[in-house]
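Undergrad: After the structure tokens below, expect a handful of questions from me.
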């Protein structure tokens, strides 16, 4: 690398000899003059000051032995390693005046000029290939990566700098060195976001060398397995977007969806998180931060960028011998002189921050690797507040850099500009000591260049509030702040920062991830009200103001005011001169625009037929007038039929039914009309499509669209299973889309295109006849009984709305997403709002089964209503009842669905009863849902403001045939969603024998022995009971606001806990009076044995759903019935009742009741405190004599029926269920008195 222009090159050989003789005479006089100016000052090696301890000799010997065994084989043995004996010298004290004389001595400047001439003879060749360096994990890796040199020389000893301090020999250089002793080199180092390092000429921007690294500066990995709020494990923190600023310790930013805050500056850096914060575990939300730090150091040859040394925690590598270059290898081949501009020592620090939830699920992994100076030079770095020569280089958001010379205040034009593949993250000024010897190889100092200072306070504020967010090619997010990168103020504003984006999509979950990424790229503006503080998202602790931002502000305010944007041309003359070049650039950009090229090519392909016909017309007729009718009719009909062929025929799942030469036949059929007499029937069957095209004018498009719809139905129909004459479905041995389809004759050709004209067909003379024929097409019976035939006109696609007869689909409004490419859009059907479920054609069988089951079951208020189905192109569209939200939406985001959430909280038993009622309706039709979860339960509000729950998503439903009570699991893997499936499905899914599982595995009081041979019914086959198990999970989810009984500390252990039967119902205790009934019901529904679970009607009859009035009436009826039993000896009914007394009363119930209530009891009859019969009698008597109680006692026991019932159930929570089970055990549930208590509550 050259430090001065090539014109100052080496002299000739004769001149060199004269100079050598002159120097030989002059040197003694220079030494004498120097001795007269100041006392002799011993030179001290800088490296010895860095810690030359007595162990250095041992270290050098060890390095010699290591290098001898690990050096590259092509290195000469004498050049492998050269151990230099270090002798520590003492430094004499010098006064400040002497120091000034030494620093400004004429010898320094003369030696500097000599150094300029010396380096000028070795310009860096542009053809030199960039070095690719992969930062190794071990020391031996560097030997294979270091570039080979054609000329090698022995290792030179370390060079030292003269001391600039008057301190003693033990003084630290950090306390002695001054930045005034240094000058900037003629090149700068540029570190880009992709991790590479460039060296460029400081004044011209010419590229000198390039060091490639395989690791980018920023890596952000987000773990988003749940992409929708409909997922059961959705948490807002999972959707935070983290970004790292690639400058000054890695400032951390986070974009928080649905918070209104947008992009937030956390006030933390990667360095701070790793070194001071991590490990950190928070509680709200439960998030854990961990971090680690890895440092490496490399020494580069300043002239070539080659790696000389590498030091890391795993080892080190020294390849200095390979960097030696002879100054003139062609002329002085025998010389051993090495030429070098010096060496550069750079540190690379890698920070890794792991962010996980406390349940072990990862949220994000952030990595930041920054180039930085040697920490030993921190004393100079702390003094470096402004560029030494007032030259500044800064980068735009697109990777273009600008260089400014601020030594002249009136000149605001950039010196040069250069474009890099990625933005420049950091700029490093390279400095060398003023007093470096001419022949020395000094260690250059790298200092990060301060940012360009702001022009005024308003500019400082704009910088502080502006953040540019972007992604690398690998999808990692990084941020560029206006403080560190002033030119990002000219970057485009991010779409998401505008209000109009959120007008289209209010919820973060409704935005497509790709669209969200595009919307986030651009400039974001921090809240100006909060810009003075640094905000921590809910996952981070509140901390002090980060030094990162303070330093940037100080760097901006302490320097001279300069402009912060790329300046415009100062005069109109310069603008006029630039017009020709600007116009040429615009034309070149326009012509080379890939979008324009793609558009032109697409237009040519799309209009190929029209262009051919036009060319043929002009060749044949010469004018357009002669052939105008033929041209218009043929093009219109041909275009629509062409669209139909492309949109419908490829969607057919039966490639066997379409010959390879089909397109050729269709093409020929549009130009050749040759038919035999025996084909007249086929012509009549298809004639309407051709006749309509042949007779209608271009303005009459409705008939063409009608024919298009009929054609679509004819094509879609054969894909469904066929039915025989009696309507019975034959047994399917293969899927419907294999082989011959639905009884349709296996024709080699397809129906001819609608744009044909037929000479043998009778022409339609009027439009009315054409319309009449088109209408008659709809009278033909559809071959697919599960697809509704639509007779209305097929509308064209206008914008994002697709009209298909009665169905309109707005593809811009996405309501939800499912598996296998299923998307739910907003739409309309016959004027009412509907949800349109779009499925790919590959899942035709699933859609057909779903619609058949929907038709059978939608006549119920708690089952989703089905409207219609239509096929278009490669998709099937199913119109369903549209709901406001799913149950998961309401539970997880009550703030977004406040009205629904409030309505549901008022009557939780009613909500759960409706869900059970819908499942009971399906079970009554012998339909098993198999995928019951909160996401598949939808919520709407009735006109009276009450919530209405609907069971939806019948894609995995299974209908049991007559006399069938069970079925096997799905081949390959059991149906359902992970975490919401019954244990018998999991066991069948694993292919395990339940009896082979360890039956001794248990945990807590809720353990179910999986090894019980009765745990599975029908030899491991599933029944309706799998829906009851999932329903129990839904019950717990609703009553606990989103919890899962099988989490047991870790969500990822759900299915393991389901297999083992480990669940926890303690969170239900928060329900108060209803807690015991809720626990009993859910525990019965979560039984491992399907036979032990109640059916849907038994669930609906459980006392949990009873009103307080019904509960109190039941207890009084039980007391009345038992009072009639014989007491001496006690009847079996009394024995059964009193058997449960100890666990219900737990002692003496009279001691539990209040004193005034017990005193009021004594007026009627005597009571025994340990008798359950007496407790029921007391409850019944005071209920019947409630009006006889005093006002104070009424206030004590509460009002009827709610307060009075709670007075007893709070003290005796097991009372109601115990009596309910006693009556059942006595078989009284069939009597007239108790029958209503064992039938569905009918809420």
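For all residues, glycine too, the Cβ spot is worked out from N, Cα and C.
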Undergrad: According to Swiss-Prot, which residue among 226, 820, 1041 is annotated as N-linked glycosylation site?
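TA: The N-linked glycosylation site feature in Swiss-Prot corresponds to 226.
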Undergrad: According to Swiss-Prot, N-linked glycosylation site sits on which of 470, 686?
TA: 470
Undergrad: For which of the residue intervals 5-28, 29-52, 149-172 does Swiss-Prot record region 'Disordered'?
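TA: Checking Swiss-Prot against the ranges 5-28, 29-52, 149-172, the region 'Disordered' one is 149-172.
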Undergrad: 10 Å Cβ neighbour count around residue 837 (ADP binding site)?
TA: 25
Undergrad: In whole Å, note down how far the CA of residue 931 (active site, proton acceptor) lies from the CA of residue 881 (ADP binding site).
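TA: Approximately 19 Å lies between the Cα of residue 881 (ADP binding site) and that of residue 931 (active site, proton acceptor).
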Undergrad: Do you know offhand how many angstrom separate residue 931 (active site, proton acceptor) and residue 837 (ADP binding site) by C-alpha?
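TA: Rounded to the nearest whole number, the Cα-Cα distance is 17 Å.
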Undergrad: Between 0 and 100, where does the mean pLDDT of the domain 'Protein kinase' (809-1105) sit?
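TA: Value for the domain 'Protein kinase' (809-1105), mean pLDDT as a whole number: 79.
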Undergrad: How would DSSP class residue 837 (ADP binding site) in three states?
TA: strand
